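Peer 1: Please find one structure pasted underneath; my questions will follow.
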Amino acid sequence: MSEKAVVVYSGGMDSFTVLNTAIQNGLDVYALSFNYGQKHSKELEVAAHVCRKLGISHKVVDITAINSLMANSSLTGDAEIPEGHYEDDNMKSTVVPNRNMVLLSMAIAYAVSLEAGKVYYGAHSGDHHIYPDCRPEFVEAMNAVSKIANYQSVEIVTPFLHSSKGEILKAGLDMNLNYANTWTCYNGREKSCGKCGACYERLEAFAEQGKTDPLEYEA
């Protein structure tokens, strides 16, 4: 019987690669997505489609009821999504307060209920500058907490914590993954904007690998 693992799966290219990495590692994967009121909720539709195709368990948890407690982010509020490079300081407006701690806490609870020993999520080096809850010290602290918060110890696994977006893409391409089955743009429109930090980072990754992004862009 395969070991169970929960994968925090947004529908973006990082978590898509993590999801498939866990599957390739022979784990019995339970994908977990969250609706926290993000403008780019299209990612949840993509996540559901991928999980149906893979035939794996997928839960989408609606936590919009606590949205007012996680306010002041351009991803969930009225502020415009900033344009520019993903390491520019204006991208700090896309930080959702305490998001990954909240999401990982629920993922750990789900893992305990499943008797799963691992929770995977897609933190990577490109997020370290802007997002405190994607940094190595955060992962280390969450791992320490997850080992003592319940009778069952759960390990937080971040396969790409020290990898760039380009390196994540290379790992996925080596697995023959189709990145048309992902959504990255922070704007929730029909096509990717090509101007937000998330789009910039994605396009840089494809350029770094000498590949063309299969998604359509407005610009």
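These residue numbers are counts, starting from 1, taken along the chain as shown.
In case you wondered, yes, glycine gets a Cβ from its N, Cα and C as well.
Below, the features straight out of Swiss-Prot:
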{"type": "BINDING", "residues": "Tyr9, Ser10, Gly11, Gly12, Met13, Asp14, Ser15, Phe16, Thr17, Val18, Leu19", "note": "ATP binding site"}
{"type": "BINDING", "residues": "Cys185, Cys193, Cys196, Cys199", "note": "Zn(2+) binding site"}
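Let's see these features in context: how buried, what's close, how far.
Peer 2: For the recorded site, Tyr9 (ATP binding site), the DSSP three-state label reads coil.
DSSP assigns Cys193 (Zn(2+) binding site) to coil in the three-state reduction, outside any helix or strand.
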Peer 1: Just how many other Cβ atoms lie inside 10 Å of the Cβ on Met13 (ATP binding site)?
Peer 2: 26
Peer 1: Please report the DSSP secondary structure of Ser15 (ATP binding site), reduced to three states.
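Peer 2: Once the DSSP labels are grouped into three classes, Ser15 (ATP binding site) ends up as helix.
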Peer 1: Whole-number Å distance between the CA of Met13 (ATP binding site) and the CA of Cys185 (Zn(2+) binding site)?
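Peer 2: On Cα coordinates alone, these residues lie 11 Å apart.
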Peer 1: If you skip the near sequence neighbours and keep only those at least six away, which residues in the chain come within under 8 angstroms of Tyr9 (ATP binding site), Cβ to Cβ?
Peer 2: Ser15, Phe16, Val18, Leu19, Ala31, Leu32, Ser33, Ala47, Cys51, His58
